[in-house]
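Undergrad: Quick one: this structure, given as C-alpha cells, is what I'll be asking you about.
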Amino acid sequence: MSFLCSLPVIGVLIAACLPPSPLATGYVEGTYIKVAPIETARIIDVPVQRGDHVVPDQIVARLEKQDAAIAVDNAKAALSQAKSTLANLEQGARPEKIAALQASLKAAELSARQAERDMTRQRTLLEKGSVAQSVYDTARTAYDVAKAQAEEIRSNLAYTSLPARENEIAAAKAAVEQAEAALKSAQWKEEQRTLMASVTGVVTDIIHEAGEMAGPQVPILEILPDDGIKLKLYIPEESLASIQMGSKLTITCDSCGDDLSATVSYISDGPEFTPPVIYSLENRQKLVYLIEAKASEGSKLNPGQIVSAWLTDAGSGGSR
C-alpha cells in the first residue's frame, strides 16, 4: 500500500527532471533565387556546379550573344547616321554642293536661251510657210522643257542656300538622343548574356545545362543566399502573448550545434491548425500561430530541418 501511495510523488519528481517543453516547433525554410536571362537564348556554358559557393558578380552562366552583337552594330550605324544628319542641318549645304548647283543652273539657263532662239527662228519660218507646224511645235516643246529644268535647278539652289529651320534641327537632335538610347539598350542587353550572381550563397540546383534554351521563365540555376534562411515556427495559442516582434529565441534541432539563436521577424494575425509536417497525436487538433524568425549569422541551418524554440529574451524587440 505504501508503494502505491508513493507513485504520485515519483511521477511529480520525474516530471520535474524532464526538460521543459519548447515554446514553438517548426522547420527551416530557404528563400531561393532563380537565375534566368532577360531574353531567350541558348546556354553556352555553366561554369559552376551544385554545391559551389558563389559571390556577387561571379559569372554563373554564359549565353549565345551573336544576335545581341548584331543589334549593337545596327544601333551604332543608326546613331552615326543620325549624327551626320544633324551635322548637315547645323552646318548648312557644303560650298562644293552649292557650286555644283550654280554650274548646273548656268548650263540650264544657256540651254533655255538657245532653245528660245531656235523656237523664235522656227516660228518665223512657219509664218513664211517654209517649215511645217510640227517642226515649230517640236522647237517650242524643247524650249518649255529647257526652261522648266532651269527653274527646277534655280529652286534647288535657293533652298540649299537657306539655313536649316529650327524645328528641323530640333527633330534631328531628338533623333540623335533616341539613337543613343537605343545603342545603350542594345549594349546592356548584350552584357546580360553573361549572367552573374547577385548574392553570396550556395548553388543548390543546376536546372538547365549548356546547349539548352533558357529565358525569363526558364531559369538556369538556383542559389540559396547565405542570409536566405528563416525559421517557420508554430506557437500554441496560449503562449502567443509571451512573444513579440524582435524576441530572441534559443534554437535546437537534431545534429545542430550549440548556441543557436534567432530573432522573431513575423507573427501571424490569425490561428491555424497544426501543420501535418510537425503535429503529433497530442497536438494535431490544437490551434497554433505561425511566427517567422531570422537565424543568427553563422547558424549553418539547412532547409527542411525540424527545430524547436525557447524564449530567451522576452523583453527585447518592439510590440506585435
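Here, residue 1 is simply the first one shown, and the rest follow in order.
Keep in mind that glycine also has a Cβ here, set from the backbone N, Cα and C atoms.
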Undergrad: Among 72-125, 234-287, find the range that TrEMBL records as coiled coil.
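TA: It is 72-125 that TrEMBL annotates as coiled coil.
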Undergrad: Please list, for the domain 'YbhG-like alpha-helical hairpin' (64-186), how many residues fall into helix, strand and coil according to DSSP.
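TA: The counts are 110 helix, 0 strand, 13 coil.
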